[in-house]
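What follows is a set of notes on a single structure, which appears directly below.
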Amino acid sequence: MSDQEVKTESRVFPPPANFVANAAISGMDAYNALCAEAANDYEGFWAKLARENLHWHKPFTTTLDESNAPLYKWFDDGLLNVSYNCLDVNIQKGLGDKIAIIFEADGGEVTKVSYKELHAKVCQFANGLRSLGVKKDDRVVIYMPMSVEGVVAMQACARIGATHSVVFGGFSAKSLQERIVDVGASIVITADEQVRGGKQLPLKSIVDEALGLGECEKVAKVIVYKRTGGNAPFNPARDLWMHDLVANQATECEPEWVNADHPLFILYTSGSTGKPKGVQHSSGGYLLWAMLTMKWTFDVKPSDIFWCTADIGWVTGHTYITYGPLAMGTTEIVFEGIPTYPNAGRFWDMIQKHKATIFYTAPTAIRSLIKAADGDAAIHPNKYDLTSLRLLGSVGEPINPEAWMWYYRNIGGEKCPIVDTFWQTETGGHMITPLPGATPLVPGSCTLPLPGIMAAIVDETGADLPNGQGGILVVKRPWPSMIRNIWGDTERFKKSYFPEELGGKTYLAGDGAIRNKETGYFTITGRIDDVLNVSGHRMGTMEIESALVANPLVAEAAVVGKPDDTTGEAICAFVVLKRSRPTGDEAKQIALELRNWVAKEIGPIAKPKEIRFGDNLPKTRSGKIMRRLLRVLAKGEEITQDVSTLENPAILEQLKQAQ
Ligand code: WT7
């Protein structure tokens with residue numbers, strides 16, 4: 001979002017009266033009272049919420065243990081089970097026959113699963129995993145399509161205390177292998193194939209390829225969910241079908257009671273260096289925040305039909321598909337397919353069909369559906385009955401005011417608040433977001449931190465900045481759902497998130513932000529590190545550079561982001577080949593080859609949109625690549641900065657030209 005938009009945005013949308021009347025947090029006074037409660041007695045605030053919202057097998061006696069900061073512990077001497085909290089507790093409350101999941105397949109087939117049925121499936125699968133010797137602390141990699149079975153697999157791991165690590169089904173064999181090795185998985189759960197946009201795409205064969213890349217000897221079994229019955233390789237000595245594994249298992253399974261900080265999952269995300277980070281999350285604190293944000297941000301009620309369009313391969317799918325909605329006893333929609341199949345009216349059709357009341361998606365999806373609706377009146381949202389909706393959400397990247405207004409008018413019918421939720425893989429759940437029954441909305445602003453979240457904007461030394469002055473976004477106190485560690489790399493955890501320059505105890509989000517002078521509202525201004533946000537997917541520039549230089553043709557590569565109307569940011573790569581600089585058709589051909597190479601190394605989401613070839617890259621005399629200048633070139637803007645420190649200023653002219 002441009003500074004211009006931030007400064008000129010003056011539209012304000014007060015919370016609708018029906019929300020204020022019924023919301024969990026009703027009115028700004030109620031919000032401020034909760035914030036004050038947290039400020040007055042921080043631990044007491046969280047302890048009370050943890051006692052009220054979670055089922056504890058053994059109550060905790062210590063709320064927050066800061067003795068080994070920043071390795072914080074929350075509620076850790078308490079014992080609980082996440083799956084028990086999501087399923088058994090709701091069945092005990094009388095919700096056994098309530099629909100937990102409305103699953104819609106890519107082709108439109110609908111399957112409904114009640115809480116009782118889901119409980120039985122999770123227990124059977126958990127028993128199946130136990131029969132294979134899987135136990136507490138083991139790591140299980142899940143590489144599955146969007147499916148009831150995917151949710152079951154995650155919940156089953158939680159039930160027996162195994163730590164899952166879900167890998168998004170769009171990642172390549174190499175990315176999958178790196179994660180299997182790093183996390184030390186003993187089991188991989190996958191499907192024969194996945195179905196997206198009418199196409200059958202491989203999963204199991206990619207798992208086989210990944211395991212064939214080496215260092216995966218620890219993987220004893222591969223469990224395969226039969227999704228299509230298509231042609232997938234099957235090795236009976238190592239592989240087994242999910243349906244065979246669960247066939248004779250009991251539908252009850254005694255949960256493994258774990259300490260609150262037991263790692264529920266590890267989810268890999270990109271950082272500013274080449275290697276993805278295994279973000280380790282807890283059980284108790286994580287689940288508490290998943291539930292509270294369902295209540296506070298989404299104001300979820302027993303009658304809601306909740307739909308989060310994320311994939312379980314990302315944190316949004318973890319918190320707002322697998323854990324949050326189920327822990328709240330909510331009925332939720334799980335969707336296998338893509339927003340543009342069979343046409344770009346798919347989301348609107350599904351909202352109408354399933355009478356969704358809360359809809360949570362990404363700005364990229366909204367922007368691409370705006371374009372589609374503009375181009376085809378037949379799938380314009382005004383052709384569908386969307387009156388069931390009462391609340392809209394946005395996540396993953398800044399939403400530009402124009403897209404916000406379209407979403408508000410065309411999807412929400414000008415009656416649904418939009419919660420623009422700022423958070424990260426590391427935060428476990430929402431951090432800065434409007435509350436639908438309290439916060440006056442301003443398009444493009446994620447507004448104010450949730451109660452108990454001590455967000456602030458500081459300079460490089462950690463000093464507070466006044467409103468109106470842009471700086472670094474930090475969180476000054478630990479919170480229950482925060483990242484606990486980077487799997488296997490405590491040093492990197494400390495350096496990345498709790499740098500010494502900020503005192504070693506302040507959480508560094510990695511984003512820049514500014515607060516409005518009058519309202520104090522936060523607007524996120526973008527990453528301050530070498531991380532890109534492409535279609536709401538986080539990508540490290542170094543990761544893509546490493547993939548490019550691994551190609552035998554490439555001598556050197558530098559990757560930067562450039563603004564893109566649909567995807568937010570697009571990947572632009574500047575490449576020096578070992579041979580002479582190609583031009584014309586040859587350049588096009590090699591660019592295509594390199595794009596496919598990156599897709600194979602990381603996954604299609606990491607493909608550079610644009611590749612420019614040069615004889616060299618702009619470097620300082622000490623050999624440092626000037627990415628700052630490359631960003632200007634990628635945007636197609638004139639360089640106005642001083643380039644006198646460059647070793648080779650002439651190269652800029654050459655790199656100006658897009659191929
Ligand atoms: C990064 C985190 C949030 C879960 C999914 C993405 C950006 C996220 C917003 C928002 C502006 C946002 C930030 C953040 N981001 N939400 N509402 N407004 N920016 O999680 O992959 O860990 O990415 O996404 O840059 O640091 P993630």
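Any Cβ shown, glycine's included, is placed from N, Cα and C.
Marked as CoA binding site by TrEMBL: Arg196, Gly197, Gly198, Lys199, Thr316, Ser535. Within the same chain, residues at least six positions away from Gly197 (CoA binding site) with a Cβ under 8 Å of its Cβ are Asp106, Gly337, Ile338, Thr340, Tyr341. Gly197 (CoA binding site) carries neither a helix nor a strand DSSP state and counts as coil.
A 10 Å cutoff on Cβ-Cβ distances gives Gly396 (ATP binding site) a total of 24 other Cβ atoms nearby, all chains included. Feature annotation from TrEMBL assigns ATP binding site to Gly396, Glu397, Pro398, Asp420, Thr421, Phe422, Trp423, Gln424, Thr425, Asp511, Arg527, Arg538.
Long-range neighbours of Val549 (Mg(2+) binding site) (same chain, six or more residues apart, CB within less than 8 Å of its CB): Ala555, Glu556, Ala557. Feature annotation from TrEMBL assigns Mg(2+) binding site to Val549, Val554.
Over the domain 'Acetyl-coenzyme A synthetase N-terminal' (31-86), the average per-residue pLDDT in this prediction is 98. Under the heading domain 'Acetyl-coenzyme A synthetase N-terminal', TrEMBL lists 31-86.
The domain 'AMP-dependent synthetase/ligase' annotation in TrEMBL covers 96-479.
Summarising the annotation, TrEMBL assigns domain 'AMP-binding enzyme C-terminal' to 543-624.
Look at Lys624 (N6-acetyllysine): DSSP puts it in coil. The N6-acetyllysine annotation in TrEMBL covers Lys624.
For ligand 1, the nearby binding-site residues are Thr316, Gly396, Thr425; that is, of Lys199, Thr316, Gly396, Thr425, these have a C-beta under 6 Å from one of its atoms. In three-state terms derived from DSSP, Trp423 (ATP binding site) belongs to neither a helical nor a strand segment and is classed as coil. The least crowded of the binding-site residues Thr316, Thr421, Ser535, judged by other CB atoms within 10 A of its own CB, is Ser535. Ranking the recorded positions Arg196, Lys624 by other CB atoms within 10 A of the CB puts Lys624 at the bottom. Checking each of the recorded positions Arg196, Ser535, Lys624 against Arg527 (ATP binding site) by C-alpha distance, the shortest gap belongs to Ser535.
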